[in-house]
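Student: Got a structure for you, questions after.
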Amino acid sequence: MKLSKAKQDLDHHVWKLIKLHSLQDKKILVALSGGTDSVALLRSLTKVHKKNLLGACYFHHGEDSNQEYRKEAQEFCEKLCKKLEIEFYPLRASQLAKSEAEYRELRYEALDRLKKEQGFELVATGHHRDDLLETRLIRLIRGTGAQGFAAMHVLRDGLFRPLLEISKKELKKYLREERLRSFEDPTNKALDPLRNWLREEWLKSLERRARGSTAALARSLETIAQEIENRPWGDLLGQNEAYKTQGLRRSFYLTLSPFEQKRLLAQYLFSLGKRDFSQSHLEEIQKRLDKSQKVITFKVAGCQWEVNAEQIKVQS
């Protein structure tokens, strides 16, 4: 039986990335939600990677208003793993989060712990081209600055994202041809009204007016991201040793131009896993840091800042 183009394209793409990054003998833990992206990723990996080197984890967010869906999604993921002969690991949040950003943080922390406990070397996620495009457009609209265009790498910091060049439409087609279904979260559309409008209205309207334009836009933003990353001043954060534990050096911050100061602050927030900030937040932080006081404490962008004569630090 001849393989369809969708199957060939996705499986070959994932296999090429595994080979390119020499991952043939690496143990990979798949972050499995039951949605189209993660189901397609898991299925493809079972075809191009050794099954005994694969595992899948479902992260239950806890007893919130969506708990019935979460229970059913976990059961769906467990049955899928049994069908594909993959080890399944259910995890549960130890606390309820207040926002999607907090859930994301809890999820990655739990996945990282499980990875270490079970001897996995990588966590694979189903982030795809449309996810990345929507995120960059949202950050552009909110004025996050150049850091909002940060390149998302296929392989970095123990995370493997092989679907970044694949669209959601291609993933849906792949699942249809594999005769596999997904289990979508009914609350997804309500989580971020702006993202939902971009996905369901603006991007679809753009594609109708100019076929192929969304893919071209995604490529253009990726090119910008790569150019920003490769500029000499791109990594201001790297010039602050031990920034994760000690924060930023205030003396270094004061030598920078206003533009560079905002870039450094954005890089610092991103390094701490903070994403929900805007250009106005960065400008407000700058104003607070302009004061001549040696010791300052304030709260901006959902973070508690502590400043002394030597350091600028966000309290965890």
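Cβ from N, Cα, C; glycine included.
Here's the feature list from Swiss-Prot:
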type	residues	note
BINDING	SER33, GLY34, GLY35, THR36, ASP37, SER38	ATP binding site
Student: Let me check the 10 A CB neighbour count of SER33 (ATP binding site). How many other CB atoms are there?
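Tutor: 24, counting other Cβ atoms within 10 Å of SER33 (ATP binding site).
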Student: Please compare the binding-site residues THR36, SER38 by how many other CB atoms fall within 10 Å of each one's CB, and tell me which has the fewest.
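Tutor: Each of the binding-site residues THR36, SER38 was scored by Cβ atoms within 10 Å; lowest is THR36.
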Student: Tell me which residues of the chain lie with their Cβ under 8 angstroms from that of ASP37 (ATP binding site), as long as they are six or more apart in sequence?
Tutor: GLY126, HIS127, HIS128, ASP131, LEU163, LYS168, LEU171
Student: Would you mind ranking the binding-site residues GLY34, GLY35 by how many other Cβ atoms sit within 10 Å of each Cβ and giving me the lowest?
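Tutor: Each of the binding-site residues GLY34, GLY35 was scored by Cβ atoms within 10 Å; lowest is GLY35.
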Student: Can you check what DSSP calls GLY34 (ATP binding site), collapsed to helix, strand or coil?
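Tutor: In three-state terms, GLY34 (ATP binding site) counts as coil.
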Student: Cβ within 8 Å of the ATP site's Cβ centroid: which residues qualify beyond SER33, GLY34, GLY35, THR36, ASP37, SER38?
Tutor: LEU32, VAL39, ALA40, GLY126, SER182, PHE183, GLU184
